[in-house]
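Below is one structure, written out as structure tokens; the observations come after it.
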Amino acid sequence: MTNIRKTHPLLKIVNHSLIDLPAPSNISAWWNFGSLLGLCLMIQILTGLFLAMHYTSDTATAFSSVTHICRDVNYGWLIRYLHANGASMFFICLYMHVGRGIYYGSYTYLETWNIGIILLFAVMATAFMGYVLPWGQMSFWGATVITNLLSAIPYIGTTLVEWIWGGFSVDKATLTRFFAFHFILPFIIAALVMIHLLFLHETGSNNPSGIPSDSDKIPFHPYYTIKDVLGFLM
């Protein structure tokens, strides 16, 4: 009887992407950051979902709701700090991943690289909007300074800034829309990750030697699944 993972329409996709995927035999720990980014994204979406259940995107109560999460919600302090420090870890892994791509010439895979650039900008936008949400002094300052950069655009700059703010200054409308975008963007990022992997699997990964590895491939599972799990544990 044929293995179900090779015949079932859905499991077949997973099988070709994570189990029977032919991978170069010599990729180093620098290739671990892709899977670590996937883990970070999952942690951010899960912790963010629970935080959103208790957060209020109103200028009068936003800061109080964050305090309430830390003081009154069961393990709210842990969820918040996982989300905040998870974001820092996300960017550490992201810069390592991009750095490896530059060093080992991954930019030659144009489609994969371009989707990666879009992912980088999307993650930066999400992080910026998340920084604004607690509505402390630094949140207000950050929102004002970064959005004001758009006022440097000739002719339409001022109008554009006021359009993003939803008024003549950073206020309730700004906070509400930033929360809405901060909530939806991670799901868009997850969809872009799928496209990123789709393009990567079209060409195959590069390797530290920089030469084609078609003659020397090994299955992704168990070799690289174990390597990735070791990366998660570390």
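Using N, Cα and C of the backbone, Cβ positions are placed for all residues, glycine too.
Since this is a predicted model, take the numbers as computed values, not measurements.
As recorded in Swiss-Prot, the features of this protein are as follows:
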| type | residues | note |
| --- | --- | --- |
| BINDING | His83, His182 | heme b b562 binding site |
| BINDING | His97, His196 | heme b b566 binding site |
| BINDING | His201 | ubiquinone binding site |
| TRANSMEM | 33-53 | transmembrane segment |
| TRANSMEM | 77-98 | transmembrane segment |
| TRANSMEM | 113-133 | transmembrane segment |
| TRANSMEM | 178-198 | transmembrane segment |
| TRANSMEM | 226-234 | transmembrane segment |
Q: Rank 33-53, 113-133, 178-198, 226-234 by Cβ pairs under 8 Å to the transmembrane segment (77-98) and hand me the top one.
A: 33-53
Q) For the transmembrane segment (226-234), which stretch among 33-53, 113-133, 178-198 has the most Cβ pairs under 8 A? A) 33-53
Q | Tertiary contacts of the transmembrane segment (113-133) (same chain, 6+ residues out, Cβ under 8 Å) | A | 55, 57, 62, 66, 87, 90-91, 94, 98, 101, 106-107, 139-140, 142-143, 146, 174-175, 178-179, 181-182, 185-186, 188-189, 192-193, 195-196, 199
Q | Secondary-structure category, per DSSP, in which His182 (heme b b562 binding site) falls | A | helix
Q.
Let me make sure I understand the structure: which of the binding-site residues listed (His83, His97, His182, His196, His201) has the fewest other Cβ atoms within 10 A of its Cβ?
A. His201
Q.
Looking at the binding-site residues listed here (His83, His182, His201), whose Cα lies nearest to that of His97 (heme b b566 binding site)?
A. His201
Q. Distance between His83 (heme b b562 binding site) and His196 (heme b b566 binding site) at the Cα atoms, whole Å?
A. 24
Q: Using C-alpha atoms only, work out the spacing between His182 (heme b b562 binding site) and His196 (heme b b566 binding site) and round it to an integer in Å.
A: 21
